[in-house]
Amino acid sequence: MIAKTVAVLALAGSAAAYAPTMSLSANRRELVQGAAAAAVVAPLLRPTGASARDAQLRAPIVEIFDARGCDAKNAQYTGPKSNDMNDDQCVKVSMQKITVSEATAAKKLQEFIGGKATAINVPIISSMTKKY
């Protein structure tokens with residue numbers, strides 16, 4: 001994006017350096033040249049989309065292990081011990097693929113669009129509107 005901005009500023013600077021300062025009126029040739037320059041620069045000024053999406057549809061998963069008072073062997077952490085209560089606690093962060101079944105996606109879509117599937121004891125407000 002910075003390179004595009006620099007290119008546009010360089011183009012504008014070069015056009016300003018060679019602009020005829022003595023003539024006050026623009027003729028047809030100058031208008032066509034200006035339109036051509038604008039047509040070249042216009043695609044460079046388009047905003048680019050965000051590219052933060054993970055290609056494999058993975059998301060960070062945070063797992064907290066608290067084994068204080070538990071007699072089981074702690075196998076999640078393999079680093080050096082601190083010889084206090086932190087030896088029985090561990091936080092694990094991993095990137096895992098997130099999958100959703102097509103049936104669940106269809107149910108959610110129906111819920112968002114038409115209010116068909118809702119939770120238990122939740123009134124459906126889409127059918128409560130008065131029809132005049």
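Every residue, even glycine, has its Cβ placed from backbone N, Cα and C.
Quick caveat, the model's predicted, so the values are computed rather than measured.
Going by Swiss-Prot, these are the annotated features:
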- Asp54: (2R,3E)-phycocyanobilin 1 binding site (BINDING)
- Arg68: (2R,3E)-phycocyanobilin 2 binding site (BINDING)
- Cys70, Gln76, Tyr77, Lys92: mesobiliverdin binding site (BINDING)
- Pro123, Ile125: 15,16-dihydrobiliverdin binding site (BINDING)
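Locations of recorded Swiss-Prot features on the structure.
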| residue | record | Cβ contacts under 8 Å, 6 or more apart |
| --- | --- | --- |
| Arg68 | (2R,3E)-phycocyanobilin 2 binding site | Met85, Asp88, Gln89 |
| Cys70 | mesobiliverdin binding site | Asp88 |
| Tyr77 | mesobiliverdin binding site | Phe65, Asp87, Cys90 |
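DSSP classifies Lys92 (mesobiliverdin binding site) as strand under the three-state reduction. Other Cβ atoms within 10 Å of the Cβ of Lys92 (mesobiliverdin binding site) number 11 in total over all chains.
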